[in-house]
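The following features are taken from Swiss-Prot:
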type    : residues                                                       : note
BINDING : Gly157, Gly158, Ala159, Gly160, Val161, Gly162, Lys163, Thr164 : ATP binding site
Amino acid sequence: MAQDTQTNTAVQGKIVQCIGAVVDVEFPRDQMPKIYDALKLEGSALTLEVQQQLGDGIVRTIALGSSDGLRRGLMVSNTANPIMVPVGTATLGRIMDVLGTPIDERGPVSTEKYASIHRKAPTYDELSPSQELLETGIKVIDLVCPFAKGGKVGLFGGAGVGKTVNMMELINNIAKAHSGLSVFAGVGERTREGNDFYHEMADSGVVNLENLGESKVAMVYGQMNEPPGNRLRVALTGLTIAESFRDEGKDVLFFVDNIYRFTLAGTEVSALLGRMPSAVGYQPTLAEEMGRLQERITSTKVGSITSIQAVYVPADDLTDPSPATTFAHLDSTVVLSRDIASLGIYPAVDPLDSTSRQLDPNVVGQDHYETARAVQGTLQRYKELRDIIAILGMDELAPEDKLTVARARKIQRFLSQPFHVAEVFTGSPGKYVSLAETIRGFKMIVAGECDHLPEQAFYMVGTIDEAFEKAKKI
C-alpha cells in the first residue's frame with residue numbers, strides 16, 4: 001500500500017479541477033498515484049480512477065459515478081490499488097455494478113476473494129485453441145457460422161434488427177443446457193433489458209432465488225443512464241469475474257451487450273481527457289483499448305471462456321471504425337440484416353455476410369461444409385438474378401434459374417425459426433433444432449426433394465418434417 005510512513009494513513013490529495021466526468025487531483029509530488037489506481041472521495045462512496053499523470057503532483061482521473069456536487073478543495077485518498085471487485089462463487093445469482101457493489105438489494109457479497117479489473121492477457125504458451133463445436137439450436141447459425149467452444153462470437157446489427165433477442169435466445173439455448181457458469185455484462189444498454197434478463201433467468205432456474213449459491217450466472221450492469229466511466233469499465237468487471245471462474249478450471253460463457261457502448265464510453269472519456277479525436281470522432285486509442293479487452297477474453301489450458309458479444313452497427317455501416325475494429329478479434333461473426341428483417345424473416349441473419357473460422361471441412365466435416373456452401377451458392381445466385389426478375393419478370397428466366405430461385409426462396413424461409421424468448425410476440429412455441437436435423441433439412445431442399453412443397457410451408461418451422469406437415473394443411 002502507498003502509505004505515509006509518519007501517520008500510517010493513506011496518502012491524501014485534493015481536487016483542483018472538475019470537467020464533467022474528468023477530475024484533476026493534486027497529491028504530494030513524491031507520492032503520486034500510479035496509472036489505474038483507485039482514489040476514494042472522503043465522506044462519499046465515489047471512486048475515481050487515475051488515467052494520466054500530468055506532472056507537478058497532479059493526476060487526471062475519471063469518476064466512476066456521478067460527479068454532481070464535486071468542487072475544488074475536496075479531499076481524496078489513494079487506495080494504492082486498482083479497482084478490486086469480488087470474484088468466485090459468491091458472485092453467482094447477484095447483480096453488481098462496475099465496482100462490484102451489489103445492486104439487487106440482497107445484502108453485501110460475502111467473499112474474501114477480490115481481483116483487480118486490470119490484468120495482463122494470458123501469455124501465448126498458456127492459450128488453448130479449440131476445435132469443438134458449440135451447438136446453439138438456431139439453424140442459420142449452426143449451418144453457416146458455427147460457434148467454437150472457447151471461441152469469440154459477435155452479433156452485428158443496426159438498431160432494431162434483433163441483436164438482444166438473438167442474444168437472449170442464445171442464452172436460453174446454451175446457458176440453460178450448459179453445465180458450466182455464465183457471466184452477463186450489460187454495457188450501456190437499457191435498464192429494462194437488464195431487468196427482463198434477470199427475471200428470465202430466475203424463472204428458468206439459472207438464478208436460484210432460494211439459494212443464490214446454486215445459481216449459474218453472475219450479472220454486472222453499467223446501463224445507459226450511468227456516467228461514461230462506469231460504462232467504460234463495466235465490461236472489465238464482468239470479464240474479471242469470468243476469468244476467475246476460468247482460472248478455477250471451469251468452462252464459462254461470457255455475454256456482453258453491447259460492445260459498441262464500451263467504445264462509445266471510451267470516446268466520451270477520451271475527449272474529456274483532452275486527446276485529439278481520430279476517424280469519425282473516435283478515440284485515437286480505439287484499437288488498443290479494444291485489443292486490451294478482447295485479448296483477455298480467451299481460453300487457456302486450465303479452462304475456457306466462450307464469449308458472445310452484441311455489437312451495435314451505427315447507421316448499418318459495417319465499415320465504421322468501431323465494428324470494423326471488433327471484427328478482427330472474432331472467430332464467428334453473425335451479421336443481422338435490415339433487408340432480411342423487412343421480409344419478416346427472423347432471426348434476420350444474413351447467411352452470405354456471416355462468417356466463421358469453424359466452417360472448414362476438417363472441423364465441421366465434409367457433409368456440413370458442402371451443405372452450407374450449397375445453401376450459400378443458391379442464395380448468392382438468387383441475389384444475382386433479382387435484378388433480372390425486377391426488370392423482366394420470372395418468365396424470362398431459364399428453367400434451371402427458375403428452379404434455383406424457387407429453392408432459394410424456400411431456403412430463405414427455412415432459415416427463419418420461432419424463438420423461445422419471442423413466444424409472447426409470435427404466438428408460436430420456440431423450436432430448438434439439432435445440428436444433424438439442420439443439415440438434413442437444407443440438404444433435402446438443395447437436392448430438390450422439397451420442390452413440390454409451397455414456399456410458405458417452410459416459414460417459421462423447426463425441422464424439415466414440420467415443413468412437410470405444414471404443407472399438408474395449406
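Along the chain as shown, residues are numbered 1 onward.
Cβ from N, Cα, C; glycine included.
The structure, with features from Swiss-Prot marked on it.
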{"residue": "Gly157", "record": "ATP binding site", "CB count, 10 Å": "28"}
{"residue": "Gly158", "record": "ATP binding site", "CB count, 10 Å": "17"}
{"residue": "Ala159", "record": "ATP binding site", "CB count, 10 Å": "11"}
{"residue": "Gly160", "record": "ATP binding site", "CB count, 10 Å": "10"}
{"residue": "Val161", "record": "ATP binding site", "CB count, 10 Å": "25"}
{"residue": "Gly162", "record": "ATP binding site", "CB count, 10 Å": "20"}
{"residue": "Lys163", "record": "ATP binding site", "CB count, 10 Å": "27"}
{"residue": "Thr164", "record": "ATP binding site", "CB count, 10 Å": "19"}
Query raised in the report: Which chain neighbours of the ATP site, leaving out Gly157, Gly158, Ala159, Gly160, Val161, Gly162, Lys163, Thr164, have a Cβ atom within 8 Å of the mean position of the site's Cβ atoms?
Result: Tyr312, Leu336, Ala341
Report summary line: Simplified DSSP label at Thr164 (ATP binding site) comes out helix
